[in-house]
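Engineer: I have a structure here, written as structure tokens, and I will follow up with some questions on it.
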Amino acid sequence: MKRNHIIFSLYIIIITFLVGCQNVQDAHIKSGQLTLLDTETITSLNGEWHFYPNELVEPSDFQTGEKLPAEKISVPGTWEKNLDYGTYQLHIHYPDHSLGSPQAMNIPQIFNSYKLFINGELILENGTVGNTEGSSEPLGIPTTVYFTVANPKTDILIQVSNFHNRSAGIPDPLYIGNPTQIEKQTESNLILEWFSIGAIIAIALMHITVYWYRKTDTVFLYFGLFCLFIGLRVLLVGQSYIFHLFPFISWRIVQKLNYSFIFVSIPLFIKYFALLFPNHRWKEQIYYIALITSVCCTIFIFFTNVHLFTNTAYIMYPLVAMVIAYLLYILYKAILRKEVGAKFIGIFLVILLGTVINDLLYNEEIVQTMILMPIGLVAYCGAQAYVISVKYSDANIKAESLNEELETTQSNVIFTLGQIIESRSNETGYHVRRVAEYSKLLALKHGMSSEEANKIKIASVMHDVGKVAISDDILLKPGKLTEEEYTIIQAHTSIGYDLLKHSKRDLMKAAAVIAYTHHERFDGTGYPRGLKGEEIPLYGRIVAIVDVFDALGSDRVYKKAWKMDDIITYFQEQKGKQFDPKLIDIFLTHIEEFIEIKEAYRER
């Protein structure tokens with residue numbers, strides 16, 4: 001949690017630094033006139049510009065001496081829907097000492113095509129300006145232009161035409177000032193935007209990758225897809241760098257993708273939220289209303305022109321409002337139930353929803369702020385990642401606890417089964433206990449990990465499980481077995497293997513190997529397959545030694561227990577014959593520890 005707080009703090013510091021870099025003065029333009037005394041700082045060209053509605057005024061039109069009738073229009077702002085084109089004009093008055101000073105003007109996205117003239121000279125054309133839909137071509141790429149103050153009065157003329165978009169005009173502020181300061185401002189905005197894009201898309205790919213490996217956790221898929229579509233949308237709008245990356249792409253296609261991505265992301269977020277808080281009884285109607293609306297609007301967007309489909313915003317807004325209200329209700333219920341992370345994610349969801357509302361109001365020119373949703377989403381993603389990590393950490397702890405309980409239960413069942421099997425041959429439960437402890441000790445001394453040694457300990461209990469198929473007449477016979485009886489009793493290795501081999505659990509696979517190979521001999525004369533040397537699995541070689549060690553030191557129906565000196569002599573003689581010589585060396589080196597186990601589990 002501390003690490004998440006550090007990351008979030010760094011994020012806030014970065015954002016604060018970037019926002020703090022923008023030291024901008026407001027011009028307060030009146031009647032199309034601006035007196036600019038300071039050319040070294042950045043000034044926003046906000047205020048009353050002259051405007052010539054439904055006229056594409058040329059610089060030459062002002063040279064006749066005839067005064068053209070002009071209206072006033074607010075910049076930033078858009079014009080009335082019944083206008084298709086018009087011309088903006090601004091007179092900037094510089095002090096004499098500013099003559100020859102370099103200046104830069106940062107121009108935002110203007111809907112949807114424009115020409116910029118400075119002192120009668122065409123500086124920039126973005127798209128194709130026309131007085132009919134057929135003669136105009138939309139584009140609208142934010143850019144920066146440079147000029148030198150040539151005389152005290154500088155005339156700015158911007159011709160704008162729009163036959164394609166729901167909004168028209170100059171919706172965002174223009175900035176003018178020292179080129180270095182303008183470039184710093186542009187760079188700060190660029191860093192902020194690319195940071196948001198990169199962070200959102202990286203988070204999206206991370207969540208999708210997690211889903212790829214954990215396909216049952218669809219919460220990662222839906223949130224990843226949501227972030228991916230939002231990240232791509234930020235790339236399409238904002239500073240419109242998509243046109244720099246792909247200059248061949250059509251403005252109309254970009255607008256279609258822009259609107260489509262918003263609609264697609266709405267049902268994805270609802271689905272994600274439902275999976276994040278699954279304890280709530282979700283009203284599926286909300287999801288299906290959003291899904292059907294989004295699908296229908298997306299289809300409409302792709303089969304109509306920009307001027308028509310941008311009106312789907314009037315469907316989008318109430319849909320978003322409905323979804324926001326419902327998500328807040330779900331969150332409120334989750335907080336009351338004290339669900340993990342509900343309060344924490346609630347704070348950042350409110351922040352995210354606040355940025356969404358800000359962007360909607362900003363797009364409708366109700367507020368003059370900036371696009372904030374990418375920032376809100378990055379912050380929310382951090383909170384979301386934290387909550388998911390906490391939830392899955394808790395889930396893993398519970399899973400580990402259940403797994404430990406399952407393994408304990410499984411071990412108890414296996415030991416009980418082993419004791420039942422051995423009891424048929426007049427052995428007590430201590431035999432399987434001793435063999436299990438011997439196996440673990442020899443495995444550890446051989447260099448196996450603790451986990452592997454525990455596996456062989458439990459698996460060794462079932463080394464004689466095949467004896468369940470051997471009749472008591474043979475199994476309990478006090479005298480020497482006939483050749484036919486010996487063949488039957490040898491079959492217990494294959495029977496045990498057949499009983500255990502079908503399990504997919506590692507423990508049962510190990511038990512199958514031990515049951516099948518613990519009567520093989522190192523010289524190849526054992527049974528059932530006559531394996532030789534290291535052809536015999538290590539598990540089988542280990543249990544072969546400890547099983548014989550316990551058998552020789554215990555009373556049987558057909559013999560008495562051997563003395564320890566005789567047992568040690570036997571193992572020395574069978575080194576490299578019946579048993580693995582390396583394991584015998586390890587076994588005899590630590591024989592005292594094996595004797596301690598024997599005494600600890602002595603027959604009572």
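Here the Cβ of each residue, glycine as well, is placed from N, Cα and C on the backbone.
Positions annotated as transmembrane segment by TrEMBL: 194-213, 220-242, 257-274, 286-308, 314-332, 344-361, 367-388. The domain 'HD-GYP' feature in TrEMBL is assigned to 406-603.
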Engineer: Which bits of the chain, at least 6 residues beyond where the transmembrane segment (257-274) starts or stops, bring a Cβ under 8 A of a Cβ in it?
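Structural biologist: Same-chain contacts beyond the flanks: 219, 222-223, 225-226, 229-230, 232-233, 236-237, 280, 282, 286-287, 290-291, 293-294, 297-298, 301-302, 309-310, 312-313, 316, 319-320, 323, 327, 330.
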Engineer: With an 8 Å cut-off on Cβ pairs and a sequence gap of 6 or more, do the transmembrane segment (367-388) and the transmembrane segment (194-213) reach 3 or more such pairs?
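Structural biologist: Contact between the transmembrane segment (367-388) and the transmembrane segment (194-213): present.
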Engineer: The transmembrane segment (286-308): which same-chain residues, six or more beyond its ends, come within Cβ distance under 8 Å?
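Structural biologist: Sequence-remote neighbours of the transmembrane segment (286-308) are 138, 163-166, 252, 255-256, 259-260, 263-264, 266-267, 270-271, 274, 315-316, 319, 322-323, 326.
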